[in-house]
There are 2 protein chains.
Amino acid sequence: MPVELNTADPDFEAAFAALLAARAEFDTSVDPVVADILADVKARGDAAVVEYTQRFDRVHLTTDALRLDDETVDAAAGQVDAETLAALNVAAERITRFHEHQKPTDIAFTDPTGVRLGQRHTPVDAVGLYVPGGTAAYPSSVLMNAIPAKVAGVGRLVMVVPTPDGIINPLVMAAARLAEVDEIYRIGGAQAIGALAYGTGVIAPVDKIVGPGNAYVASAKKQVFGTVGIDMIAGPSEILVVADAGNDPAWIAADLLSQAEHDAAAQAILITDDADFAAAVGRAVEGHLKTLPRTAIAAESWARHGALIVVEDLMEQAPPLVNRIAPEHLELAVGDPDALAARVRHAGAIFLGRHTPEAVGDYVGGPNHVLPTSRGARFSSGLGVLDFMKRTTLLGCDSSALATIGPAAVRLAEAEGLQAHGLSVALRLNMPRPDARDGA
Amino acid sequence: MPVELNTADPDFEAAFAALLAARAEFDTSVDPVVADILADVKARGDAAVVEYTQRFDRVHLTTDALRLDDETVDAAAGQVDAETLAALNVAAERITRFHEHQKPTDIAFTDPTGVRLGQRHTPVDAVGLYVPGGTAAYPSSVLMNAIPAKVAGVGRLVMVVPTPDGIINPLVMAAARLAEVDEIYRIGGAQAIGALAYGTGVIAPVDKIVGPGNAYVASAKKQVFGTVGIDMIAGPSEILVVADAGNDPAWIAADLLSQAEHDAAAQAILITDDADFAAAVGRAVEGHLKTLPRTAIAAESWARHGALIVVEDLMEQAPPLVNRIAPEHLELAVGDPDALAARVRHAGAIFLGRHTPEAVGDYVGGPNHVLPTSRGARFSSGLGVLDFMKRTTLLGCDSSALATIGPAAVRLAEAEGLQAHGLSVALRLNMPRPDARDGA
């Protein structure tokens, strides 16, 4: 049974704090195993990758079969039915169009002292996209990770996807084709992350690695961070629904379950101002659970991590709770969602109104579905075009501008005891050498 | 002696690759010690912080003396001379003005299908700023880390700075005052990072931690990442100067030394198209080294990591080398720096022309001096306002918009085997229940 909380109860604060604190921490137990795999891939390259792929995926590949050739990819993609392919197309187009809006604007101006200032954005050269194999191989995630990279202008987008027992997922191949992935390798696990980070004979190294994966993949990404960039390490999915009694309880129950079905560790929370509605949603969840294929997972998530929270006043009491939870997904299923949204400071994505179930955003809304979990929305953002670009600042002085601002730099360099810093400015200004001035 | 390379030499490629590969990797040897300190601070709070501060900084503090009171801060800041304070003011004003340009624009539009789409930015609530004690306590770094946070709208900016043997750095206090830091605690090391991340009785936890530190601080930041956000882990400083023979060798030599003097592990590289000029710069470096106070550090950096690279054609051959180095700081000391800059894809900051020594940007240029090192400019950016804000995307459908885009979402949910996702959309569209359709 999910936790039931009511802000009117005297122990509400303690119970709510316990709910926040209960979210799982990252699993570090696999770190040493992963470190060994990474070191081996770094040292032995393709030979190590081939061996681990045989051991973990039960696929024997020669080095030159690590990369999926175009014919294989096209043949697999061709197995996708027309209706699903059309839906993938809708998704790809809407995701592309939204992310085009995220392209940054460069800065360039000359200030009143004559100093030229600027900031410009350039894409990352090469990006690796990890795609899990098996049941968690989601074509929508391929689109959500690959399209922002392509919109950013990434020249080389490399996908790795394990093919356990040799099975290639047609949906993933179709999504990769739609998103214009440039290279696909049939490898996974920590060995694939190592191959992307360090390069092998067959696989040229990339500059940044994104995409979801299991504990081994997450650990490997953390360990290669620095050598390459990485995206956030995702935790279990979460949804927080703020809903009044004007909703159909069956709709809201389905919304809660749409995240609960991802993972037994996922979390679904309802905040409402009507205890009877909360109870009705609870009953509707039980009803849906009787018929859903992923009932075992969803029921465990709901029982272990679910919560029904009743407040007296949604407008006043929900936003502070929302901000403390800082949810990955926030549904505002109320009559005036914008007024509530204006009071929310921390959420990965907000879904406005009664007709915007979170799942529509998972696929075809347009914004990204890769979002910060585990209260990460307090300090981080969903995946976007900026994650595949970087800023370079520009500064330009002529002799007159340097004469204006340079003396302050010399003074501060001396105060910090960095005389070569000061010297580099002072020489250009024909100032006394700071080191001479200090008698050093 | 620094390495001397010439693109005309047959072994150039091998020697250049070796230069790139020689950059140090992160030190992980202190990780276990740091993990123990963090766990102890998490468990025992202020008591642990007080004990570690006594042990490592030789300062005995009661719990209520961890925070520096306003009188102490003002008294210390008051010791800074007027000329230095004026220079700090110039720096703070110029940094503030540049970073104001980095404030992002929100997105809000309704697309042709009637779907409302948006993206908005909110500041991080609370940020911790680590400031090293002792010789590496730089007031300029306080400004560079604190001002972007304040421009972003961070409400609570908390500084931690160790005071070894009780000594408080007046310049750091003056910079903190200028940057409007809200709280200052006289603690450092891994224990300060733990206190900021987990909170103690006296120190409320923050959401993100930034700022430079030693190996213990860097390890602690990496270990608390996830609980809070962190900035990049900085490696040793680097400068790459591209200069033709039209420069005064003494100026360029001072520029190279301005980074070499930071750290024996720092790296300074010159690329020029004139072998005689390269030799003259080398001689000028030796000359400067005779008089600079930090000669021991700078000389070791120059001998171990320095390089003089001669190319035949700056315009054609320098940019590819620059992009492979992806330097933290790039000076283009040539007649037409913009033409060269246009060919550079990877650099933290670019300094344009003969009168823009890197050091002017360390203090008073305006752009941030916290920049990616160790080839990180391939995938990451200098510190900026966006590092203290996060994006929340918004999606809103009415029943008509959902009717247009919803069916594609239902189709993809079914294809991915996520029936509760499909159900949440299908119920609102009065579509047949996907789970019923699948006969589950």
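Backbone N, Cα and C define each Cβ position, glycine as well.
According to TrEMBL:
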ACT_SITE  B:E328  active site, proton acceptor
ACT_SITE  B:H329  active site, proton acceptor
BINDING   B:Y130, B:Q191, B:N214  NAD(+) binding site
BINDING   B:S237, B:Q259, B:H262, B:H329, B:D362, B:E416, B:H421  substrate binding site
BINDING   B:Q259, B:H262, B:D362, B:H421  Zn(2+) binding site
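Taking the C-alpha positions, the distance from B:Q191 (NAD(+) binding site) to B:E328 (active site, proton acceptor) comes to 29 Å. Across B:S237, B:Q259, B:H262, B:H329, B:D362, B:E416, B:H421, which the record gives as binding substrate, the greatest C-alpha separation is 55 Å. A distance of 12 Å separates the Cα atom of B:D362 (substrate binding site) from that of B:E328 (active site, proton acceptor). Residues B:Y130, B:Q191, B:N214 are listed as the NAD(+) binders, and the farthest two of them sit 13 Å apart at their Cα atoms.
The subset of binding-site residues (B:N214, B:H262, B:E416) lying with their Cα within 10 Å of the Cα of B:E328 (active site, proton acceptor) is empty, i.e. none. Within the set of recorded positions (B:H262, B:H329, B:H421), the lowest number of other Cβ atoms found within 10 Å of a Cβ is recorded at B:H262.
Each of the binding-site residues B:Y130, B:D362, B:E416, B:H421 was checked for a CB under 8 angstroms from a CB of chain A; the ones meeting this are B:D362, B:E416, B:H421. Among the binding-site residues B:Y130, B:N214, B:S237, B:Q259, B:H262, B:E416, the ones whose Cα sits within 10 Å of the Cα of B:H329 (active site, proton acceptor) are B:S237, B:Q259, in sequence order. The shortest Cα-Cα distance from B:Y130 (NAD(+) binding site) to any of the binding-site residues (B:Q259, B:E416, B:H421) is found for B:Q259.
Note: the NAD(+) site is recorded as B:Y130, B:Q191, B:N214; in the same chain, B:P132, B:V160, B:P162, B:G188, B:G189, B:A190, B:A192, B:I193, B:G213, B:Y216, B:V217, B:A220 also have Cβ atoms within 8 Å of that site's Cβ centroid. Under 8 Å, Cβ to Cβ, and six or more positions away along its own chain, B:S237 (substrate binding site) finds B:Q259, B:H262, B:D263, B:A266, B:Q267, B:E328, B:H329, B:T373.
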